[in-house]
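What follows is one structure encoded as C-alpha cells, with my remarks underneath.
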Amino acid sequence: MSAQNSLFSGSIVALVTPMNHYGEVDFSCLEKLVEHHIEAGSNALVSVGTTGESATLSIEENVKVIEKTVEFAKGRIPIIAGAGANATSEAITMTKLLRDSGVAGCLSVVPYYNKPTQEGMYQHFKAIAECTDLPQILYNVPSRTGSDMKPETVARLAEIENIVGIKEATRDVSRIVKIKQLAGKNFIVLSGDDATGLEAIKLGAEGVISVTNNIAAKDMADMCRYALAGDFDKAEEINARLMRLHHDLFIESNPIPVKWAAYRLGLIKSPHLRLPLTTLSEEIQPKVGDALKIAGLL
C-alpha cells in the first residue's frame, strides 16, 4: 500500500458536529471527540461531511470547524475536510479556503439537486482539482444527491493527479470491483455504507467512511484492521454485533439517530441539530437504544 493509500484507509469517522441547545458549535465537546477517536484507534476523521451537518453550516462555520478539528488533532490523525457543494464555484471557494488549513485532503460530493450529466460531473470535479494541490476524494451518494456518478466517469477523473479516491455509497458492492478495474488498483475506494463496509473491504476497498464509527469507534477500528489483514472471521464477529446498529442509525435521516446515540452514550452534551433536522423521535429512541445494547455499548 502506498503512503497516500495508507493515509486514506481503514476506519475513517464521518464525524458529527456537536452543538449546544442554541445550535452553536460546541468546540470543547469537539475537542473531546477528537481525543476519543485518537484513543480508540480510528484512522482518520472527516470534518463537516454529511454527518457533520455541512449543509446547515455557513462556509465560514465549515472552515472554522475544520480548522479547529485540525488544531485539536495536533498531527496525530489525518483530517479530511468536507468541501463539496452543488455549485462548482462554491466548491472551489471552499477548497481554496482550506489550502493552508493542514487537512490531509478534501471529500467532495457529487452535486445535489441540480442533477448534472456525467460530463457535468466530470467538469465539476476537474475544475475543483485544478484549483488546489490538496488530494481530492470524490463522494458518490445517489440516495442523497439524486444523481449517480458511473464508474466510467470515476475512471476518467482518476486520470487527474490529485483526484486520489472515492467514497462509494451506493450499497452496490460490485461497484468496488468495477471502479478498481477501470480506475486502477492505486485509486482508493472507500465504502460509504456501514452495513456493506466489510463486504466492500473483502472486494478490495481500502476502508470505510463510517457513521457507526461515531459511537463504536474501537469496534470499527478493530473490524477494519482485521479485515484489511485478511482475518475475516474476527472481522465478521465484530460486524455481526454491530449490524443492527448499522441499520438503525439510518432509521431517520442521518445524522439524527447517531447524534442521539452519541448523546445517550455521553459522547456529546446535546443531541441538537440545526433545522430542518430535528432530534430523534421519542417513539424511535427505544429502538436505537436496543441497537446500542445489542452492540454491547450500553
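Here, residue 1 is simply the first one shown, and the rest follow in order.
Keep in mind that glycine also has a Cβ here, set from the backbone N, Cα and C atoms.
Annotated active site, proton donor/acceptor per Swiss-Prot: Y139, in sequence order. Marked as active site, schiff-base intermediate with substrate by Swiss-Prot: K167. What Swiss-Prot records for T51, I209 is pyruvate binding site, and it gives sequence analysis as the kind of evidence. The site 'Part of a proton relay during catalysis' feature in Swiss-Prot is assigned to T50, Y113; the stated evidence is sequence analysis.
The structure, with features from Swiss-Prot marked on it.
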| residue | record | DSSP class |
| --- | --- | --- |
| T50 | site 'Part of a proton relay during catalysis' | coil |
| Y113 | site 'Part of a proton relay during catalysis' | coil |
| Y139 | active site, proton donor/acceptor | strand |
| K167 | active site, schiff-base intermediate with substrate | strand |
| I209 | pyruvate binding site | strand |
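The Cβ of Y139 (active site, proton donor/acceptor) has 27 neighbouring Cβ atoms from other residues within 10 Å, across all protein chains displayed.
There are 9 other CB atoms within 10 A of the CB of Y113 (site 'Part of a proton relay during catalysis'), with all protein chains counted. Of all Cβ atoms in the protein chains displayed, 24 besides its own lie within 10 Å of the Cβ of T50 (site 'Part of a proton relay during catalysis'). Taking all protein chains in view, 29 other C-beta atoms sit within 10 angstroms of the C-beta of I209 (pyruvate binding site). Most Cβ neighbours within 10 Å among the recorded positions T51, K167: this distinction goes to K167.
The subset of recorded positions (T50, Y113, K167) lying with their Cα within 10 Å of the Cα of I209 (pyruvate binding site) consists of K167, given in sequence order. Among the recorded positions T50, T51, Y139, the residue whose Cα lies closest in space to that of K167 (active site, schiff-base intermediate with substrate) is Y139.
T50 (site 'Part of a proton relay during catalysis') sits 15 Å from Y113 (site 'Part of a proton relay during catalysis'), taking the C-alpha atoms as the reference points.
If you take the Cα of Y139 (active site, proton donor/acceptor) and the Cα of T51 (pyruvate binding site), they are about 13 angstrom apart, rounded to a whole number.
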